Amino acid sequence: MKKFGWIKSYVIVFAYIVTLVSVDLLLHYLAGLNVLVKRSILFSTAYACGFAAIGLLFKGMGRQIYYGLTAILFAILGLGQVIYHYFYKAFFSVSQATNLGELGTVKGEIFRVLEWKYTLFFIPVVLFILILVLLKRQMKRQKFDYMAVVVCFVIAFGLNWVTKITFETTDSVSDKFKDDNYLYESLFDKERAMERFGLFAYTKQDVSITTQRFISKKFKIAADYEQIDAYFEEMNHEHVENEMTGLFEGKNVVFVLAESLSNLAIDENMTPTLYKMIQEGLYFDNYYSPTYKASTSDSEFVVNTSLVPSMSYGTTSYDFANNTFPNTLANRFKEAGYTAQSFHSNTGDFYNRFNYHRALGYETFYDQKALGLAFLDEWEYMVNWPSDTDLMKASADIFLQQEKFFSYILTTNGHTPYTTQRTELAANYDYVRPFVKEGADEEIVYYYAAQNAFDESMAYLINRLEEAGELEDTVIIIFGDHYPYPIHHDKIWAYDDTNAWNWQELHKVPLIMWTPGMEPQTVSKLMSSFDVAPTVANLFNLNYDYYHAFGVDAFSDDESLVVFSNYGWITEHARNNIWSGYTESYDEIGTEAYINSMNNKVLEMFEIGQEILKDDYFAQ
């Protein structure tokens, strides 16, 4: 029997391949993707064979360490992707390496959301390691090893080739959206790419694409400028004055980013100030703020610039903080004689805001330290937050010294976590608890407590402006940066099932513009974060470059487009809801041909947006 001992050596190789394929299948299962996807299984088997072949080049303990360590690392990678998907409904890309700090914003949530089912990842790995231990004597080189290496590589390359020739392709430009080759080469829809190609092919392509784009970022190409020029010429966003032009002209502005403020939070009892402002001001009830790669900082970018944030390269706030953006709200208000300043109760190095806000046109950025905001010793960073009311007080002490001010304030009380760790919200929790529906998850209750704390800060701001004699001459603009994605969608829909299982509707958040004594108006035109800057520019009659904005003035006759990170979209005629897996037409214009043309338009929009950033287009 000794002469057949070599067979046991290759049992380890087979077990290793099965283990890696199992990790990929478990990722699909735990992330809620289709599990038995032919291309994904073939790709995973191909890559597993390739990694197995590399292991055969080692001998003895080296082979054992290689197989055991890589199996564990791939299981950790798979688990990490599943957890990331839990929070962001997307998969992580190495291009987001500069944005790893954002994970700190949900670190208090990660261990809380871990469930026993996630240990499934390590069952095949543990079983494989047991096989390694039991058969460790079979780790010495066998005379057939080099032949086995060749066989494994042949299988790997063969399966890889066979899988690629089964890709669904199209020669139609309007159907490019459905082309597997385009998906594979761009990973534009990361969820669909992970489902169709699997963990290993996704990761390999992600690294390859990121590397290529990092290199290409170093070069500016004249043809890119011509392509961008042609795109803006085709869009032709020429602005025509309308009945709302100059409504707020000359007034001061407090521009408030409300952390995680969603429509769910608006309640007459729990957020009475916001409710009052909605009743008395301009309320945009069909406004979407899609979550892109860097959530809050990308929402900032879109709202301030009406440009596409980085989707293919690194994080916008880090990698493009030295770019030129002349058409930001801050720059246009400065041109009109305003002082543009920004305020935030987190540290200035988070999201690189010291540099980032300078690129957005703000003259000075005041962070937690500069504002003198207290952070108690018993508090935990990224868990507990200074009071938004204290933020408003410290900010007002500064901006009220200016003759004309455009003051951008980023709040934090609405931030995750929504748990008992938020000791600073104890009084708010006690206040909102009686108003929250019976049976609501505790996260929902703490979410309302957090937004109640923000609401209090708005009440303070209004009173402070009134005391200073500036309220009549100031417009307060409040926008939610994104929905509270750390709360699992199942809990949100269990509390409010109005749009259950419609992933796109989760991204609908409040946009409020208020000044005392104005005529109340609810604006129901479809609108997204790209449209904020053009709309504000029109209301204040700023010298704004509408031609180079991706968004439109909400009061114009131009059609607005809501675009999501997975390239799904909504217009007034139709929608492509990729998350929920359907298209929907609203009228006779929203035909199949229209939907296909919009798919292509969205692809082009994102591609041009990336070229603008890469080439620093506005610096020319």
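Backbone N, Cα and C define each Cβ position, glycine as well.
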Per TrEMBL, which one of Thr296, Thr305, Thr515, Thr522 shares the Mn(2+) site with Glu259, Asp481, His482?
-> Thr296
For the transmembrane segment (41-58) and the transmembrane segment (144-162), check the count of CB pairs under 8 Å (sequence separation 6 or more) and say whether it reaches 3 or more.
-> yes
Please indicate, using numbers and ranges, the residues of the same chain that are 6 or more beyond the transmembrane segment (7-29) and have a C-beta under 8 Å from a C-beta there.
-> 35, 37, 40-41, 44-45, 47-49, 51-52, 55-56, 67, 71, 74-75, 78, 81-82, 120-121, 124-125, 127-128, 131-132, 135, 138-140, 142, 144, 148, 152, 194-195, 198-200
C-alpha spacing of His415 (substrate binding site) relative to Glu259 (Mn(2+) binding site), in angstrom = 6
Which residues, given as numbers and ranges, are at least 6 beyond the ends of the transmembrane segment (144-162) yet have a Cβ under 8 Å from it?
-> 6, 10, 13, 42-43, 45-47, 49-50, 52-53, 56-57
Give me the Cα-Cα distance between Thr296 (active site) and His415 (substrate binding site), rounded to a whole Å.
-> 11
If you average pLDDT over the domain 'Sulfatase N-terminal' (251-541), what do you get?
-> 95
Tally every other Cβ atom lying within 10 Å of the Cβ atom of Asp481 (Mn(2+) binding site).
-> 24
